[in-house]
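Peer 1: So that we are looking at the same thing, I have put the structure below in structure tokens.
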């Protein structure tokens, strides 16, 4: 509630504050008019509870004014309520937008480790339910809880003043019993709702995971397995939902028994008053109307309290996401990264591991010279891609420091650091949108001509133009509607459009055929020579990086060799072993193809 008050009463928006005050004014006015309705009804009954034929007169003269006042009060109460809804709706929707935007922005700023450990389906579900919970909380507070409390207070005061302590005592006992029963039962039901929420998140996560990996499901004929996983999650949700529904029936029954008992007692007391001559028939009608008038807000209060507890649970999850600490933080007033040397990168005794018991880099020290093409090679798991994640500050090293042109990357702003680095990852992330938007994502302000030029330089323009919808072709979720090679060339196009001073290629051509790879690498090399960009190529296929100015060989998180291709081959070390193993593999594959293609001799 404290968190929500900042959004409901924003410091910087006098317009929203005025709307809240106007909504409160309409609320009070509407409830005052609503409470007047039973009084006018009593006057109408008492006015007509005489022998009109004997006394003379008409409906207009006997009860006309009261009937008009009765109708006007009902209309006024309804109009006030609807105006209140209309006035407050903009406040509620703005608050929801602010919370959702802030949470979404916070999630985008969290470190990579958080997103790798969380499942997307569960996060989106939590945000969706949380924003709905906020909407319900705001509307229930303004439209149900506060109006109900005001109406109950007014009715209790009227019953006490008009009819004495007995009616007041019954009313007070009813309110206490109703409220206590509702709170106790709802608290008991909360654990069932929590279980249902957890099962709902699990089912959503399983569904999203299976649909995203649709091809893998098909490749291994595991449809039944995935359906079984989903059904198992839904079965848990089913069991929890049955408990929720059963406990709700118990709650509703108890509330109705309490209220009906109170109404019966009050009607008995009213009837006794009529027999004793202290009350009129109109008074009995007034008591009945006032008590029934309480039934609607009380029923609302019961249902609102139930939903309010659920909404608070959902909001708790949402606000807890906002409270997740940023492990990667920039210093206050951090300076922007500048590159006076052109982008020299230096790792100084860097140690890092994704898990404490599994170190990846061990006191690694290496310098990547500015304006040079540098390759990083080595066996799988030696830490090649980890260098990029540390440089990009997706993670911070456990020890050691990383410098760019003698500036510790922890001392510069994250925005300037990440704007200076361009990446072509091995698994290209694409949005479910057009080809043009996915290329333009490298520079959202780029003109169409620059987008086309970037595509040409990445050797993908002609291919795109051959598609029926050209640059407006949708690539599908995660780019599933285009080939792996096309995805990689789109990623290169995006990088060329961004045009950063530091370039990282993580197996950027692994999905390309030899001819396309050679043409693309030729264009990339032209870009590097034109602007003397510092570039780092992570590669397994050594033939793609043999022309690098410097080749860094990693093993078990340390630099074991460093030099040009010729120098490393002369050194006869790990690089030579890797090169010879790949050459032998290519020779065997070529020999195998030749044997398969050789003509069978005719006997």
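Quick reminder: no glycine exception, Cβ is built from N, Cα and C everywhere.
Swiss-Prot feature annotations, pasted as is:
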- 20-41: transmembrane segment (TRANSMEM)
- 42-64: topological domain 'Mitochondrial intermembrane' (TOPO_DOM)
- 65-88: transmembrane segment (TRANSMEM)
- 138-161: transmembrane segment (TRANSMEM)
- 163-183: transmembrane segment (TRANSMEM)
- 189, 190, 191, 192, 193, 252, 253, 254, 255, 302: glutathione binding site (BINDING)
- 250-268: transmembrane segment (TRANSMEM)
- 269-283: topological domain 'Mitochondrial intermembrane' (TOPO_DOM)
- 284-305: transmembrane segment (TRANSMEM)
- 345-581: domain 'ABC transporter' (DOMAIN)
- 354, 378, 379, 380, 381, 382, 383, 384, 385, 386, 387, 388, 389: ATP binding site (BINDING)
Peer 1: To see if you understand the setup: which same-chain residues, six or more apart in sequence, place their Cβ under 8 Å from that of residue 383 (ATP binding site)?
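Peer 2: Listed in sequence order: 352, 360, 361, 364, 554, 557.
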Peer 1: Which residues, sitting 6 or more apart from residue 387 (ATP binding site) on the same chain, put a CB under 8 Å from its CB?
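Peer 2: Listed in sequence order: 347, 361, 376, 536, 538.
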Peer 1: By CA distance, which of the binding-site residues (381, 385, 389) lies nearest to residue 255 (glutathione binding site)?
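Peer 2: With Cα distances computed to residue 255 (glutathione binding site), the winner among 381, 385, 389 is 389.
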Peer 1: Rounded to the nearest angstrom, how far is the Cα of residue 354 (ATP binding site) from the Cα of residue 191 (glutathione binding site)?
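Peer 2: Cα of residue 191 (glutathione binding site) to Cα of residue 354 (ATP binding site) measures 35 Å after rounding.
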Peer 1: How many Å lie between the Cα of residue 193 (glutathione binding site) and the Cα of residue 354 (ATP binding site)?
Peer 2: 36
Peer 1: Go through the chain and flag residues at least 6 beyond the ends of the topological domain 'Mitochondrial intermembrane' (269-283) whose CB is under 8 A from any CB in it; none is fine as an answer.
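Peer 2: Same-chain contacts beyond the ends: 41-46, 49, 162-163, 166-167, 170.
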Peer 1: Calculate the distance in Å between the alpha carbons (Cα) of residue 381 (ATP binding site) and residue 189 (glutathione binding site), and round it to a whole number.
Peer 2: 49
Peer 1: Where else in the chain does the transmembrane segment (163-183) make close Cβ contacts, counting only residues six or more beyond its ends and a cut-off under 8 Å?
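Peer 2: Residues 152, 155-156, 251, 254-255, 258-259, 261-262, 265-266, 269-270, 273, 279, 283, 287, 291, 294, 298, 301-302, 305-306.
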Peer 1: Please list the DSSP helix, strand and coil residue counts for the topological domain 'Mitochondrial intermembrane' (269-283).
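Peer 2: Helix (H, G, I), strand (E, B), coil: 11 helix, 0 strand, 4 coil.
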Peer 1: Compute the C-alpha separation of residue 389 (ATP binding site) from residue 253 (glutathione binding site), stating it in Å without decimals.
Peer 2: 59
Peer 1: So how far apart do the ATP binders 354, 378, 379, 380, 381, 382, 383, 384, 385, 386, 387, 388, 389 get, largest Cα to Cα in Å?
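Peer 2: This binding site's residues have a maximal Cα-Cα distance of 19 Å.
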Peer 1: Whole-number answer please: how many Å between the C-alpha atoms of residue 189 (glutathione binding site) and residue 385 (ATP binding site)?
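Peer 2: A Cα-Cα distance of 49 Å.
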Peer 1: Roughly where does the domain 'ABC transporter' (345-581) sit in mean pLDDT, to the nearest integer?
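Peer 2: Per the prediction, mean pLDDT sits at 87 for the domain 'ABC transporter' (345-581).
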Peer 1: Give me the Cα-Cα distance between residue 354 (ATP binding site) and residue 253 (glutathione binding site), rounded to a whole Å.
Peer 2: 55
Peer 1: Around residue 385 (ATP binding site), how many other C-beta atoms are within 10 angstroms of its C-beta?
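Peer 2: So the number of other Cβ atoms within 10 Å of residue 385 (ATP binding site) is 17.
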Peer 1: Within 10 angstroms of the C-beta of residue 381 (ATP binding site), what count of other C-beta atoms is obtained when all protein chains are considered?
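Peer 2: So the Cβ neighbour count for residue 381 (ATP binding site) comes to 13.
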Peer 1: For residue 383 (ATP binding site), name the DSSP secondary structure in the helix/strand/coil scheme.
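Peer 2: Assignment for residue 383 (ATP binding site) reads coil.
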